[in-house]
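Notes follow once the structure below has been shown.
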Amino acid sequence: MQASLACFPHSHGNPLLKINPQSQRLNSLPTLFSTSKFFTPQHQILPYPSSFVLKTPKSPTIGTQKHGQVRCGISSNGYSANEKKGVKEWLEACGEALSNAFPLWVTLGCVLGLVRPNYFSWVTPRLNIVGLTIIMVGMGMTLTLDELRGALSMNKEVLSGFVLQYSVMPLSGFFVSKLLNLPPHYAAGLILVACCPGGTASNLVTYLARGNVALSVIMTAASTLTAVVMTPLLTAKLAGKYVPVDGSGLLVSTLQVVLLPVLAGAFLNQYFQSLVKLVSSLIPPIAVGTVAILCGNAIAQSSSAILMSGGQVILASSLLHASGFFFGYLLARFLGLDVTTSRTISIEVGMQNSVLGIVLATQHFGNPLTVVPCAISSVCHNIFGSILAGIWRHSAPVEKKD
């Protein structure tokens, strides 16, 4: 690359230094600077946009003319280093674009699952688990072990999230079913999914919304482990049917899909940071794509029943999750929690473990239509959550300073 240098007084005057245009080699600059009588130890080279600025004091050798700053401009016929984006920068830009379009991909997956359910015939239960595990390892890579320990010590936040999880959603499910006068089988399914613990997708949405991922993971684990008691108890009280929950199965799935992958990701982030930096730009698009596929698959499994149910169940599920997101945030703020924590709790409360609801409805309710609200729920909370993530991702919370 060839370059030329010319130094002019900042405000006026003739050039103080010139490089012969026929000799534009950069290696001539050190000789020029070292031999010029104007460059004394008192002179300083200061940064100036697209140039160097040489600050010079008054000097008798320059005569009576006052010199301020001397601008030394460099022109080049090549490209600067910051004009060339590397592969990693392009991957990060693509990942950011895909993450920002999260609602679009989820909606597309759901529509395909509804009108072309055969497109998801390749998605097996084993692939579901693998996909969720990969997502949670990626979430763990954004954390450190210290952050997880810090989240465990957030007693007020975890307790608030737990109480709101098992109060706002079950009560919302009960009142929405009464408000819309749902048939008994739809009402039972809606209340059942409302009494389920927080879903794994809430951790991804919290990450995309720039919330407290460590707190989200701890709250998901807490609500899932206590679902052995809370889900059957609340379903029996509000839906009039006792639904036993497999405690050991929930424990295994929580360890397999939530805790162990997150711990593995945090361990990698703590001790293998070079590897994490290498793959970090791939985490958001992979997570978004996986969730879109899983949502489409959930709809594909019950597409015919959903098409038969009409708009009433869709409205009921939408009201249920809108209530969870809204009151989860509002009540968290009322309890004195900061904006980031309140957003995290809102996402955790508004997003349910719909897969667990589908399994329980299939096993313990005689009417197969009871599954429909659970399947629609998986779509509603992901669409609402992805929209919130898109909004909150670009609106950093402003906390008041004490």
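Cβ coordinates come from backbone N, Cα and C, glycine included.
Here's what TrEMBL has on this protein:
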TRANSMEM  127-146  transmembrane segment
TRANSMEM  158-180  transmembrane segment
TRANSMEM  186-206  transmembrane segment
TRANSMEM  213-235  transmembrane segment
TRANSMEM  247-268  transmembrane segment
TRANSMEM  275-300  transmembrane segment
TRANSMEM  312-332  transmembrane segment
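Of the two recorded stretches, the transmembrane segment (158-180) lies close to the transmembrane segment (312-332), with three or more CB pairs under 8 Å once pairs fewer than 6 apart in sequence are set aside. Distant neighbours of the transmembrane segment (127-146): 200, 203-204, 207, 213-214, 217, 256-258, 261-270, 276, 279-280, 283, 286-287, 290-291, 293-294, 297, 355; these residues of the same chain sit at least 6 beyond its ends, with a Cβ under 8 Å from one of its Cβ atoms. Within the same chain, residues 132, 135-136, 139, 165-166, 169-170, 172-174, 176-177, 212-213, 216-217, 219-220, 223-224, 226-227, 230-231, 234-235, 238-241, 243, 257-258, 262, 287-288, 291, 294, 309, 312-313, 316-317, 320, 343-344, 347-357, 360-361, 365, 369-374, 377, 381-382, 385-386, 388-389 sit at least 6 positions outside the transmembrane segment (186-206) and bring their C-beta atoms closer than 8 Å to a C-beta of that stretch. Among residues of the same chain six or more beyond the transmembrane segment (312-332), those with a C-beta under 8 A of the stretch's C-beta atoms are 160-161, 164, 168-169, 172-173, 176-177, 179-180, 182, 186, 190, 193-194, 306, 341-343, 345-352, 372-373, 376-377, 379-381, 384-385, 388.
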